Amino acid sequence: SDLRQILATKSVDNIQFLPFLTTDANNLSWLGYGCLKGDGTLITVNAIGAALQTLYILVYLYYSPAKRPVLLQVLLLLAVVVTGYGYFAIMVDTGTRLTHLGLFCSIFTITMYLSPLADLAKVVRSKSTRCLSFPLTVTTFVASSSWTLYGLQLHDPYITVPNVPGIITSLVRFWLFQRYKPEQDKPYSSLPA
């Protein structure tokens with residue numbers, strides 16, 4: 001929906017850039033893990049995800065009036081990816097490379113799933129789900145559940161464990177949507193003059 005809004009309005013107003021960047025970094029990390037492991041599912045899903053996120057970044061950059069900060073963030077991401085690749089390719093021996101990369105990917109994914117907790121606190125304080133996206137919550141729940149089941153099937157804790165917070169935060173969001181139904185959201189009214 002963010003990409004659609006950017007294309008429709010030809011503007012990046014009210015759209016955050018950081019989620020595009022962090023999701024791209026996450027996809028690239030898991031792509032590396034999938035390549036090391038030789039897992040076609042991880043490779044395919046994360047290659048497509050990285051390509052789409054890169055497309056979003058390019059569209060954001062194109063319509064962004066302040067290109068310099070966006071370019072600096074992209075260059076920082078590239079530096080981190082290259083440094084990470086160098087670390088895992090040169091510094092870590094082949095026997096532990098998969099374990100180290102799996103641990104890194106897990107921590108990064110958990111961090112991404114837990115980052116919106118501030119929004120959940122805001123919902124409870126305001127008693128309004130206006131700042132939450134129901135479609136994104138459903139998508140996160142389905143994706144987290146699917147990856148958790150896939151990890152369980154493979155007996156791979158690096159895939160299973162980091163997706164559990166995604167399930168938990170989605171369930172909390174579903175509860176918040178139930179507790180603070182959209183019709184309870186109070187529209188903002190202007191103050192009398």
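Backbone N, Cα and C define each Cβ position, glycine as well.
TrEMBL labels come from automatic prediction, so no person has curated them.
The shown structure was predicted, so the numbers you read here are calculated from the model rather than taken from an experiment.
The transmembrane segment annotation in TrEMBL covers 43-63, 70-92, 98-120, 132-152, 158-176.
Three or more CB pairs closer than 8 A are found between the transmembrane segment (158-176) and the transmembrane segment (98-120), so contact between the two stretches is assigned (pairs 6 or more residues apart). Sequence-remote contacts of a segment are chain residues at least 6 beyond its ends whose Cβ falls under 8 Å from one of its Cβ atoms, and for the transmembrane segment (43-63) they are 2-3, 6-7, 10-12, 15, 17, 20-21, 23-24, 27-28, 30-31, 34-35, 70-71, 74.
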